[in-house]
Amino acid sequence: YVVFFYFISSEERHLRANDREYNLSFMYANNAIKTSKYNVFTFLPLNLFEQFQRLANAYFVFLLILQLIPQISSLSWFTTVVPLLLVLSITLAKDLSDDIVNTRMTNMLKSEKWMNVQVGDIVKLENNEFVTADLLLLSSSEPLNLIYIETAELDGETNLKVKQALTLTGDLGNDIQKLAAFNGEVRCEPPNNRLDKFTGTLTVRGETFALDNERILLRGCTLRNTEWCFGLVVFGGPDTKLMQNSGKSIFKRTSIDHLMNFLVMFIFGFLAFLCTILSIGNGIWEYQEGNSFITFLPRADGANASLSAFLTFWSYVIILNTVVPISLYVSVEILRLGNSYFIDWDCKMYHVKSNTPAQARTTTLNEELGQIKYIFSDKTGTLTQNIMTFNRCSINGKSYGEVVDFAGQRVEVTEVKKIDFSWNSLADPKFCFHDHKLVEAVKSGSPEVRAFFRLLALCHTVMAEEKTEGELFYQAQSPDEGALVTAARNFGFVFRSRTPETISLVEMGVPTTYELLAVLDFNNVRKRMSVIVRNPEGKLTLYCKGADTIIFERLHPLSSKLMEVTTEHLNEYAGEGLRTLALAYKDLDEDKFEEWKERHHEASTSLEDREAKLDAIYEEIEKDLLLLGASAVEDKLQDGVPQTIEQLAKADIKIWVLTGDKQETAENIGYSCNMLREEMKEIFIVASNTAEEVREELKSRFLGKKSQVVEDEKVNGEYGLVINGHSLAFALQKDMQLELLRTACMCQAVICCRVTPLQKAQVVELVKKHKKAVTLAIGDGANDVSMIKTAHIGVGISGQEGMQAVLSSDFSFAQFRYLQRLLLVHGRWSYLRMCKFLRYFFYKNFTFTFVHFWYAFFCGFSAQLGLDTYYWTAVSQFFLWGSLSVYFAVTFTMYSNGMYLIFTSSFPFIGTARNSLNQPNIWLTIFLTTILCILPVVAKRFLFIQLKPTINDKARQAKAVPPPAPRKVPRRRISTRRSGYAFSHARGYGDLVTSGRFLRIPVKTRSALFPHTDTPVADSTPQTYRTIYEGAQSP
């Protein structure tokens, strides 16, 4: 019994409305979800565990343990604890903030009533509410059970989408008693991450109905323009398609991060090397000279030179700890934060028309922008505007849209008066067309021209909204479709409204209603869309539009001559960079259609291989079509694209365009934006249909070395490469991908056309894996998300295809041309700032450390501090406040109004300094940095002295005279040395080893400095300090 239910729940979901007891037996997940990384109990241990995986943090914990051992400690443990705690605390606060932000969307959906929802429950949603689970739509407040939803949070598309309930369930309305008595059973697919697909059936009173994606509301959508609706919960919580798509984000690290990790590892080794040298020196010194100091620095029992050297090693690990950069990571993050603000505030990257500023969505990748070698770009909406306009068309072998004079010469459309559509009261006033011959053909009643625009008005999925009489607004899922329907509207075939069963047009002023019998929808495999309608006279017609290669394969032989002429027109349109579609139709027989309709219903209600069965059914009826013509819409280049690509090419950055457009269109855009140039030596075209042909084409281009890492190879001249998606699928196979990469990397420009989103990511991953280069991917649509996440750096364009690309990106702006400034200005500046900072940081640390290392040779390798605290504090304070004063003075001068007026091009960031000081984050950063630098000294000076003063502290406070004759020191440690910290603050034999006279002693007399016997030092008389080097003789 248990096995049976497990089989059903894993292979097929079975649920019954309003029957919790039945549904709970399958143990489906409820609607409670958890997207946070931490909770109250796991935050501290998990975060600390992650932080201590950083080698520097783990090292300082080890250093703290050493400082707690009195035999080797030369510094108070407090000097290590305070900076370590501050670093850990700052990171804790940052991670907690990120976790809260990441779960904000979840918290908006969370409430007690939604968390307790179970599979099979019926819930009510009201206008502007989030859909809180995956629901089967039952009924709504709108006519024909329609609802409008916004999926921007789900797939980034801002256009409203329409869903419709079954007529059977729509009759339930908002009658609570009927809804509570509803007991329909749903069988559907198991939980998956396919946002565009749903397969299932609904059984009510023995009758079965097909369910598809048009009946399902997904979690994350928002209900719009609908007063209320009711839905049946199908998937809840972690089983929803939104949560099934919530994979872990890829953690991106810069080359600077990798370099810092390497440097830290090198520093550890270097520190061990220094400590080894000093410990060896201590062992030698103790063996030769140590016996002279036993009187006032007695050794513990069993102590010898070897033990002293071992302890000295760990003491110098503590003394020289400043060489290890504990504050490096925090300092780097602060610097990156400042660089991010410069990007956000750059007025030259602000798009006035859309009111969109540039945005650094991450603060960890700024300097990597200056190291980009490869750029992978989408075409539509990224290089182009993605604002489609109906530009040309070919109808029955005649091309329209190009204006010519009486001599047959082409005339610029700007010189011709545009068509006056005032005769059409429903025309769109924004639509512009200049070829008067087309409107004359429509008015004259040309059957082919009218059939052409009738097809455009019927074959689509656009929704019409008429707020006032005659004022139509179209909601289209793609700009192409909206442009075609708008063209049909202006030429007299106005799409006005639709229901699930009808489509209403106004044809040349006459209202006409068509019965909609079937919609054969578009997908990436079919690359076409068809509708079957019955006109008012009862005639059945199939209208089809799609890619020309797909449509031409399904044409009737009668259209062969027309196809040849239309192909010439399509090539001409593609050569101008236009996006083309072929249009065809077919009259249907009533009896054959009824037979086909039955098979279609069987396939649409199948739970297994529904899509494959439907495709086969569609193929049966979409054949022997009659060609009407072709349409061409224009997607213009964005401003500044050619100039931007030219400048990036001069910076030795290679640009690859990955697009789903046809080859001719992609090539023309390549020429338009200066990627492909006539002066190139050769442009390779790879368009083979088999793996072997692709292999031969790639091998015949260049002969390179066979290795797993593809190095840059120089070739004579500039080359370009164009490869289509079919050939790319073969070229991305494991045994051929290196050949593809080697050929592509020797080309200045690469264009991949007819590619899928997955292929885009695969191309980026191929370059990342085999090239020692930093990659950047830029796009504007949901189909670009995969390559944006795969590349080292992802850039999103906030354009016409929603915000999904922006939400997945590291940087975002409104126009492709801003990429030049992002890379060549901000990227370069950020990289230079980071490099200069790292050079200064390591210089500072090494300088301070080498002072102690050099001083060890003058203090008997006793692990004393070489710099007096008073001196070091004074110097630090001078440089600290002096640096701050100079910094603010220079900063306010550089970003002042005066400098901007004098040197406008050199100082564009006017007011940046003032704006930055208005940011609370800046002051918080300054405060935390100040505390991080000052607190260890302040804590030691004021707390340690007051709470637990040493004898030296008390003596200093009392202004004591130099100590009397030395007495025997208690044996408190096994080391032959006192604390180095005490020596740096008390008057003792430190005066001897730091005296100028000592430094002036010739090297050859140093061996006589401390004779083994009969020396003044052995008598323990301080008066002999001055006469040690005067009266001592060599034995």
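Yeah, the Cβs are placed from backbone N, Cα and C, and that goes for glycine too.
Remember, TrEMBL labels are computer predictions, not curated facts.
The model shown is predicted, which means the values in this text are computed figures rather than measured ones.
Marked as active site, 4-aspartylphosphate intermediate by TrEMBL: Asp378. What TrEMBL records for Asp378, Lys379, Thr380, Glu481, Phe522, Lys545, Arg579, Thr659, Gly660, Asp661, Arg754, Lys760, Asn783, Asp784 is ATP binding site. The Mg(2+) binding site annotation in TrEMBL covers Asp378, Thr380, Asp780, Asp784. As annotated by TrEMBL, domain 'P-type ATPase N-terminal' applies to 16-81. Residues or ranges marked as domain 'P-type ATPase C-terminal' by TrEMBL: 806-864. The annotation transmembrane segment is assigned in TrEMBL to 262-285, 305-330, 841-863, 922-939.
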Residues satisfying Cβ distance under 8 Å from Asp784 (Mg(2+) binding site), sequence separation of at least 6: Asp378, Thr382, Pro757, Lys760, Ala777, Ile778, Gly796, Ala805
Cβ neighbours of Asp780 (Mg(2+) binding site) where a neighbour is any other Cβ within 10 Å: 31
Binding-site residues: Thr380, Asn783 - member with fewest neighbouring CB atoms within 10 Å: Asn783
Length of the line joining the Cα atoms of Phe522 (ATP binding site) and Asp780 (Mg(2+) binding site), in Å: 22
The domain 'P-type ATPase C-terminal' (806-864), counted residue by residue under DSSP: helix, strand, coil: 41 helix, 3 strand, 15 coil
Site extent for ATP, whole Å (max Cα pair distance, Asp378, Lys379, Thr380, Glu481, Phe522, Lys545, Arg579, Thr659, Gly660, Asp661, Arg754, Lys760, Asn783, Asp784): 26
Between Asp780 (Mg(2+) binding site) and Thr380 (ATP binding site): CA-CA distance (Å): 8
The residue listed as 'active site, 4-aspartylphosphate intermediate' CB neighbourhood, other CB atoms within 10 A: 30
Integer Cα-Cα distance in angstrom, Arg579 (ATP binding site) to Asp780 (Mg(2+) binding site): 18
Other CB atoms, at most 10 A from the CB of Gly660 (ATP binding site): 20
Rounded Cα-Cα span from Asp780 (Mg(2+) binding site) to Arg754 (ATP binding site), Å: 17
Rounded to the nearest Å - Cα separation of Asp780 (Mg(2+) binding site) and Gly660 (ATP binding site): 13
Other CB atoms, at most 10 A from the CB of Arg579 (ATP binding site): 21
